[in-house]
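Enquirer: First the structure, then my questions, so here it is.
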Amino acid sequence: MQNEYSQFEQRKRDHIELALMPANQSSELNPFDHFSLVHEALPDLDFKDISIQSIRLKKKVEKPFIISSMTAGHSNALEINYRLMEACSKTKWAMGVGSQRRELTDKQAAFEWAPLRRDFPMVSLFSNLGIAQLIDTPISAIQRLIDTLQAEALIVHCNPLQECIQPEGTTNFQGCWTALEALVKKIASPVIIKETGCGFSKNTLLRLNNIGVAAVDVSGVGGTHWGRIEGHRANKDPIRHRTADTFRNWGIDTLQSIRNAISLNPSFEIWGSGGVRNGLDAAKLFALGATTVGFAKPMLEAALDSTGQVLTQMNTIEYELKTAMFCTGSRVLDDLKEKACP
């Protein structure tokens with residue numbers, strides 16, 4: 001068991017380093033530059049009256065942004081997460097926590113979040129579990145993860161490509177739909193489904209809508225590509241390493257994933273992430289129908305520096321979003337839905 005924990009910690013440290021490498025970004029597939037908003041030369045509004053309030057899990061929120069789940073369970077994570085949570089406490093951004101998988105077998109692992117929760121009790125946090133762990137974990141244990149964190153909801157991460165390439169990957173997803181449906185019916189917290197950079201098809205989204213998930217974070221191609229990251233880690237495994245290269249462009253991009261969801265007129269909220277680098281990208285997702293937008297890599301880069309850098313990044317993104325709204329004549333986020341170029 002100790003070897004498993006050491007392996008887990010090393011993998012999480014590897015992920016931090018590799019996620020920042022340009023080669024592991026699918027930016028050449030990023031669709032945002034091919035989608036435009038309609039410019040308004042005479043916006044009949046005052047910039048200071050622009051509101052970026054949104055609805056998240058049926059509640060009004062001041063900021064429509066979430067820091068996507070990134071890291072936990074290793075020695076460097078505490079400082080990174082402290083800076084992220086400190087910034088969230090000042091800006092009212094939400095935050096997804098890193099993997100809580102280890103907490104299922106190591107009771108001490110939960111204490112990683114205890115001091116952060118104590119210092120920043122008002123930050124809206126979201127629990128994190130992978131779909132492979134969901135299959136054979138009792139719902140009572142999952143609820144305990146959420147309650148210990150005092151989380152708003154649970155984000156279940158789907159990452160089939162990553163698991164195929166990862167040297168330690170878990171590739172038994174059999175029973176995932178049955179487990180997910182049972183979770184949604186029985187757990188006391190909202191359930192959000194999130195991809196990890198490969199997006200969602202219309203058929204999968206339809207099934208998710210039918211079982212009643214609260215939200216789907218589409219997380220499409222265009223940003224950090226976990227298949228590429230695991231390919232770097234599998235450099236001593238020629239089969240996995242070559243497979244990673246074969247699938248380096250695999251997935252459905254973020255904008256198409258949002259369109260797939262919108263076309264269903266779903267009961268779940270649509271969240272957008274995957275290659276979102278600035279406030280203009282976020283504005284385009286809101287224009288398509290997203291209600292929450294997630295950022296990962298830009299926040300990780302800032303958090304490796306300081307809380308101040310995270311705050312600067314957040315404030316810049318908010319200002320960029322408001323600039324996009326001003327230049328399209330949009331006073332509230334819903335107005336952006338009329339400003340997408342046909």
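Note: Cβ is positioned from N, Cα and C throughout, glycine not excepted.
For Arg11, Lys12, Ser99, Gln100, Arg101, Gln162, the entry in Swiss-Prot reads substrate binding site, with the evidence type sequence analysis. If you look up Swiss-Prot, you'll see Ser68, Ser69, Met70, Thr71, Ser99, Asn128, Lys194, Ser219, Thr224, Gly275, Val276, Arg277, Ala296, Lys297 marked as FMN binding site, on the strength of sequence analysis. Look at Swiss-Prot and you will find Glu163 tagged as Mg(2+) binding site, backed by sequence analysis.
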Enquirer: Output the one of Ser68, Ser99, Gln100, Gln162, Thr224 that, of all these binding-site residues, has the highest number of other Cβ atoms within 10 Å of its Cβ.
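Expert: That would be Ser68, with the most Cβ atoms nearby.
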Enquirer: Could you tell me the C-alpha distance between Val276 (FMN binding site) and Gln162 (substrate binding site) in angstrom, no decimals?
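Expert: Distance between the two Cα atoms comes out at 20 Å.
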Enquirer: Spatially, which candidate from the binding-site residues Ser99, Gln100, Arg101, Gln162, Glu163 is nearest to Ala296 (FMN binding site), comparing Cα atoms?
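Expert: Spatially nearest to Ala296 (FMN binding site) by Cα position is Ser99.
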Enquirer: Could you round the CA separation between Ser68 (FMN binding site) and Arg101 (substrate binding site) to a whole angstrom and send it over?
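Expert: The Cα atom of Ser68 (FMN binding site) is 16 Å away from the Cα atom of Arg101 (substrate binding site).
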Enquirer: Can you check what DSSP calls Gln162 (substrate binding site), collapsed to helix, strand or coil?
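Expert: Where Gln162 (substrate binding site) sits, the three-state DSSP reduction gives helix.
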Enquirer: Drop a 10 Å sphere on every Cβ of the binding-site residues Met70, Val276 and tell me which sphere holds the fewest other Cβ atoms.
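Expert: Least crowded of the binding-site residues Met70, Val276, by Cβ count within 10 Å, is Met70.
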Enquirer: Specify the secondary structure state of Ser99 (substrate binding site) as given by DSSP, simplified to three classes.
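Expert: SS state of Ser99 (substrate binding site) = coil.
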Enquirer: Give the number of CB atoms, excluding that of Ala296 (FMN binding site) itself, located within 10 Å of its CB.
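Expert: So the Cβ neighbour count for Ala296 (FMN binding site) comes to 24.
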Enquirer: Rounded to the nearest Å, what's the C-alpha distance separating Arg101 (substrate binding site) and Met70 (FMN binding site)? Just drop the number here, would you?
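Expert: Spelling it out, the Cα of Arg101 (substrate binding site) and the Cα of Met70 (FMN binding site) are 13 Å apart.
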